[in-house]
């Protein structure tokens with residue numbers, strides 16, 4: 001923890017007004033430190049710039065060729081001078097290195113008690129997964145609590161960049177990467193993908209929501225972990241968030257370089273690239289999500305869809321997507337939204353009655369049944385939210 | 001510079017056939033072994049690349065006028081910025097000064113008849129042409145959208161044919177670059193004339209020598225990198241692609257081991273140009289010759305130790321990042337030494353503000369900004385915030401364009417009379433210099449602000465996606481700054497066109513150039529303008545290349561002529577530097 | 001033989017002797033690697049590379065005549081090897097440093113027989 | 001040396017370029033140029049050495065497992081062949097320095113024959129690996145424990161070798177006929193003939209050796225296999241339904257994984273299902289299983305990683321193997337081309353003690369190619 005020790009020392013540096021001119025919002029202590037380091041470097045730069053360009057301008061004015069002016073003798077080398085203007089910059093860059101090193105070690109050393117959020121970057125979405133199994137395309141974080149992002153990528157290199165926190169770290173496929181922050185000012189801050197990742201790189205943005213309080217954060221989390229009761233609704237959400245949208249339209253239009261539209265896809269008989277015929281049913285869609293290259297519809301051979309293993313799309317989510325595809329078919333005859341909501345309300349009532357009103361369970365055990373096992377295991381490690389009890 | 005009798009009788013041999021008219025016909029150019037003609041052919045090729053890359057740059061800027069992107073869809077935009085980067089880096093900047101002007105002037109400055117391996121020199125040019133053809137075919141296939149860095153796994157996942165085409169092009173261009181560097185190093189090592197010790201070489205040669213070292217040691221690593229990348233894309237050898245158990249960070253190490261030193265392939269010759277031009281136009285001996293010469297070599301060698309600073313947030317380990325950050329700052333020192341020495345050279349001089357000098361001063365201004373903002377990026381904590389934003393874009397444009405391109409133009413104006421025997425129009429030249437300077441700053445300074453505010457690079461639009469708009473304040477700042485930048489780019493474009501027009505017009509309407517219009521003391525000014533086929537009738541004698549007291553303005557020649565050798569010079573100026 | 005010739009001519013016994021030494025070292029290294037009596041454990045790789053380095057030096061110094069050549073050529077060879085060392089050492093050090101992050105991920109995401 | 005002593009006393013030889021003052025200057029410039037080129041070659045290969053070292057350091061097991069598919073004897077034979085060619089190249093330089101044209105030609109021809117043998121042996125190695133499915137990572141189709149029938153491959157290789165011998169002889173005859181009035185052309189054909197005959201010999205000898213060695217191996221393996229089955233008898237009793245084809249995990253390993261999961265949590269990542277997945281999908285490639293069959297097994301993190309990399313992972317070794325030896329082979333081919341040209345020039349008396357730069361430069365190149373092989377051989381063939 002040498003890094004944070006040194007880091008706290010550099011907190012005493014005076015605030016330099018320049019930082020405000022260069023940067024936008026800052027919502028973490030790290031950001032403030034970065035701004036200070038930036039300010040110091042900028043002042044050093046300005047000093048050198050004024051020195052160099054000022055001398056240049058003075059020389060241009062004073063020694064410009066004009067009638068009657070000739071060059072004056074002066075020495076063509078001076079070792080003392082050379083050494084002086086080598087040594088002074090060395091000392092200054094050593095200082096700059098040291099300041100940068102301090103801040104960096106702090107950025108790379110998350111506190112032991114930090115709250116882990118999984119980040120799954122894929123073309124062209126970030127999905128944030130919380131310890132209770134909930135996931136969202138927006139990064140929800142509690143205020144004043146260290147949050148560690150555990151990052152992975154499903155396809156190519158992405159980079160999670162939050163300008164207001166002044167942090168950035170690539171999400172590299174085939175490994176984990178980490179970054180952390182403690183946001184102290186509630187609000188919404190932009191979040192970008194900073195590493196070029198293909199077609200929709202510039203649309204791979206999102207935002208961070210720093211909640212007003214821990215309670216508000218827990219509430220949002222509980223809300224997030226409730227899957228929409230009506231499959232097609234949920235499926236549409238997944239279609240947007242998981243990146244299906246970029247290649248599969250829902251209105252029958254063709255997307256260049258993408259795959260078949262989902263409109264009226266259900267029950268359709270597709271001719272595969274190898275000539276065989278397949279009816280679009282549950283198994284086929286499941287296979288197309290898990291192993292997209294196994295069966296390719298004729299005409300889409302060049303399209304290289306990423307495989308989505310269970311870590312990216314859970315079985316329940318696959319069902320929701322299938323429900324959505326069914327809904328997009330003219331022949332849809334599943335339950336309507338009203339019916340589904342009524343059924344869910346009925347089920348919940350029944351559940352409440354048998355549950356006996358356990359207060360802890362209400363906060364965390366909202367997810368669908370197939371996720372329950374996972375979330376109950378993973379919440380063990382979760383520090384109990386202090387306000388959880390008061391909510392009841 | 002001590003004049004010889006042969007030089008004193010200058011002006012008498014003006015009618016001798018020069019390298020341009022000694023023979024004619026397509027074959028006399030296509031199969032020439034004359035380093036000067038090869039240099040001219042390179043110059044033409046490089047100019048075409050610059051035009052192409054420049055058009056792409058303007059398209060990028062125009063597109064970003066509107067937050068949603070005004071002209072292209074995202075795919076086209078990605079291809080355009082990729083081609084802009086790839087063409088500018090591989091086809092333009094890397095060969096710019098060394099392959100064209102270096103080829104032309106290196107042997108002449110050495111008093112030699114040619115480079116050591118003229119055939120290899122010609123081969124180098126044709127390899128460049130073949131490499132360029134590969135690039136153009138990648139462009140025609142369309143779909144090269146990887147960025148010039150070809151980062152895996154994106155580059156092995158996107159459409160294969162253009163990537164393979166482009167990497168083949170890079171591979172071949174690499175050999176072209178190696179051949180040029182090899183030729184220069186051998187020529188400087190073995191063909192210096194009697195009297196030209198290492199420390200009496202013009203500084204331009206020092207910088208080309210240092211560049212040659214980098215080309216030799218770094219380029220082969222790029223060669224193997226793109227070869228493995230091509231194999232990865234076609235056969236999936238699993239070295240760089242994580243889908244096949246490869247490691248994408250390994251690719252970045254391979255790539256930057258070449259591509260960082262390549263930055264010095266781009267900037268060192270430009271520094272050499274400045275070291276050459278500044279004393280001539282200031283009429284002063286260069287200050288601190290040895291420090292400038294050795295700092296070139298120091299930059300070349302230190303340049304190999306810092307590649308990891310391109311990877312601070314790419315998930316290389318923290319230890320490596322810290323080591324590379326520390327080493328990165330070491331490069332600042334020799335660069336700083338050069339800047340101070342150039343300033344000291346101006347002290348008490350007699351500054352002629354010719355077009356060449358205007359561009360050199362412009363270089364000093366822009367390179368200072370480019371170099372100093374490097375400190376923000378070398379410092380770890382701030383780099384994390386600024387990495388992959390427009391701050392980086394602005395920084396490297398200040399160094400590569402404000403440095404290399406500006407110095408290249410300065411050198412063209414300086415040596416144009418020697419290369420083609422025609423004087424250009426000084427007024428238009430100065431206008432172009434002013435427009436380029438203003439346009440450049442207007443284009444790229446706002447990008448520093450864009451970057452620090454958080455605008456990521458390589459974005460086709462900056463309004464955010466459906467349901468996730470970029471916050472209102474940011475959007476307003478981004479839009480305003482992008483528009484200033486685009487306006488500046490247009491001015492810059494006009495300035496560059498005027499510069500090109502001035503030079504081309506000189507070929508047709510310029511008055512005949514004397515041997516030594518600027519009063520330079522290096523050997524190229526002692527031979528005829530344009531030079532004869534073999535450069536010199538006899539190997540010239542050599543002295544200090546930065547003593548101007550022995551030259552005198554002759555209004556009849558409209559150029560400088562040497563004084564008789566007996567003329568006394570002040571003792572402190574005669575003092576040999578070597 | 002031209003009398004005023006000044007380039008070094010390597011004597012035949014030296015050439016043949018070098019060749020025999022090289023063959024001997026090759027046999028030695030193959031024997032060392034394939035026999036089972038003496039196991040140097042983790043030093044095995046180092047030993048093998050040491051033998052290879054000795055062979056390489058023999059070729060460079062005698063066959064390539066570096067011993068009787070201008071020092072510049074030796075400097076070039078040595079410096080190229082130094083740059084290789086620089087490249088390899090930093091890259092490998094970095095990989096070793098971030099290996100855990102890769103390993104953790106690989107364990108969590110095993111590749112099955114039919115995945116790529 | 002003698003640059004200055006030389007400067008004055010030499011008339012220009014006929015191949016001196018106009019821009020050099022003396023032949024000595026030209027010679028030294030060429031030599032420096034060649035050394036610089038060699039340094040770029042060293043750097044060029046360094047990329048592949050780096051990839052090798054990186055993957056070997058991360059997965060020593062893979063490299064040791066995969067290297068068993070290479071035959072050190074063939075590699076050693078090729079090493080000695082290349083060393084011999086290096087000797088003859090050095091000798092040919094000596095010959096030209098001493099104005100011994102016959103010796104020069106003889107040495108160069110032997111060099112080319114050696115290069116041919118080297119390529120012939122490589123052909124055998126590549127063919128057999130292709131038949132077995134030992135491709136680079138993307139094309140790796142080898143299945144643990146499978147024994148493809150190599151008979152047709154050996155047959156094909158034998159015919160290839162014989163055809164090459166025939167072509168070589170034919171080239172020699174063409175040389176005699178076509179080269180009647182051009183000594184340069186005649187020797188160029190002789191040089192090609194020597195190379196192709198060398199390749200034929202290499203192909204035949206390599207083929208015969210591998211065929212013989214395989215016979216022995218099969219016997220030994222069959223015996224070993226019987227033992228192996230025996231050891232595993234007990235585990236089989238535990239019931240491994242999914243044993244077919246995919247390989248299987250030792251039952252003890254499962255406990256080990258659970259233990260690991262309990263103690264060595266992977267960096268705060270709580271995915272209980274993943275460890276189970278790992279167990280399900282550990283496709284213990286024969287080696288692990290064989291080694292760990294004994295009673296007290298601890299499935300280390302390293303082994304878990306190895307198992308998780310997927311069944312095709314050994315392909316990475318072959319990716320690097322093919323890249324390194326392939327690029328090296330391309331250099332050999334380039335060297336062959338240049339040597340044919342050198343032979344032709346030598347036959348036309350172009351070289352003499354005052355002008356033999358091309359022989360020396362090509363020789364330097366050839367030595368470097370040999371030098372790289374000196375490192376490739378132990379790294380690829382001898383690591384166990």
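Cβ coordinates are placed from backbone N, Cα and C, and glycine is handled just like the others.
Annotated domain 'Cytochrome oxidase subunit I profile' per TrEMBL: B:29-543, in sequence order. Mean pLDDT of the predicted structure over the domain 'Cytochrome oxidase subunit I profile' (B:29-543): 93.
Residues annotated as region 'Disordered' in TrEMBL: B:559-578.
According to TrEMBL, the transmembrane segment annotation covers B:40-66 (among others).
TrEMBL lists B:86-110 (among others) with the feature transmembrane segment.
The feature transmembrane segment is assigned by TrEMBL to B:122-141 (among others).
For the transmembrane segment (B:161-182), the residues of the chain that approach it from at least six positions outside its boundaries are 86, 90-91, 94-95, 98-99, 102-103, 117, 120-121, 123-125, 127-128, 130-135, 137-139, 141-144, 146, 150, 155, 211-216, 219-220, 222-223, 226-227, 229-230, 233-234, 265, judged by C-beta separation under 8 angstroms. For B:161-182 (among others), the entry in TrEMBL reads transmembrane segment.
Per TrEMBL, transmembrane segment is recorded for B:203-231 (among others). When Cβ-Cβ distances below 8 Å are used as the criterion, the transmembrane segment (B:203-231) is approached by residues 98, 102, 105-106, 109-110, 150, 152, 155-156, 163-164, 167-168, 170-171, 174-175, 177-178, 180-185, 188, 237, 239-240, 251, 254-255, 257-259, 261-262, 264-265, 268-269, 271-273, 275-276, 286, 289, 292-293, 296-297, 299-301, 303-304, 522 of the same chain, each at least six residues removed from its ends.
Long-range neighbours of the transmembrane segment (B:251-274) within the same chain, counting only residues 6 or more positions beyond its ends whose Cβ lies under 8 Å from a Cβ of the stretch, are 89, 93-94, 96-98, 101-102, 149-152, 177, 203-208, 210-211, 214-215, 217-219, 221-222, 224-225, 228-229, 240, 296, 299-300, 303-304, 306-311, 314, 316, 338, 342, 360, 363-364, 396, 399-400, 403-404, 406-408, 410-411, 414. Taken from TrEMBL, the feature transmembrane segment covers B:251-274 (among others).
Residues 199, 201, 203, 206-207, 209-211, 213-214, 217-218, 253, 256-257, 259-261, 263-264, 268, 271-272, 275, 278-279, 324, 327-328, 330-331, 333-335, 337-338, 341-342, 344-345, 347, 546, 577-578 of the same chain lie 6 or more positions beyond the ends of the transmembrane segment (B:286-307) yet place their CB under 8 Å from a CB of it. Per TrEMBL, transmembrane segment is recorded for B:286-307 (among others).
The annotation transmembrane segment is assigned in TrEMBL to B:319-340 (among others).
Panel annotation: around the transmembrane segment (B:352-375), residues 270, 274, 277-278, 281-283, 329, 332, 335-336, 339, 342-343, 391, 394-399, 402-403, 406-407, 409-411, 413-414, 424, 426, 429-430, 432-434, 436-437, 440-441, 445, 448, 502, 518 of the same chain, lying at least six beyond its termini, place a Cβ under 8 Å from a Cβ of the stretch. According to TrEMBL, the transmembrane segment annotation covers B:352-375 (among others).
The transmembrane segment feature in TrEMBL is assigned to B:395-416 (among others). Within its own chain, the transmembrane segment (B:395-416) is flanked in space by residues 50, 88, 93, 96-97, 101, 104-105, 263, 266-267, 269-271, 273-274, 276-277, 280, 354-357, 359-360, 362-363, 365-367, 369-371, 373-374, 376-377, 422, 424, 429, 436, 440, 443-444, 447-448, 496, 499, 503, 506, 518, 524, which lie at least six positions past its ends and keep a Cβ under 8 Å from the stretch.
The transmembrane segment annotation in TrEMBL covers B:428-449 (among others).
Residues annotated as transmembrane segment in TrEMBL: B:489-509 (among others).
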Tertiary contacts of the transmembrane segment (B:40-66), defined by C-beta under 8 angstroms and 6+ residue spacing from its ends, are 29, 72, 77, 80-81, 83-84, 87-88, 91-92, 95-96, 99-101, 103-104, 125, 128-129, 132, 405, 419, 443, 460, 462, 479, 482-483, 485-486, 489-490, 493, 496, 500
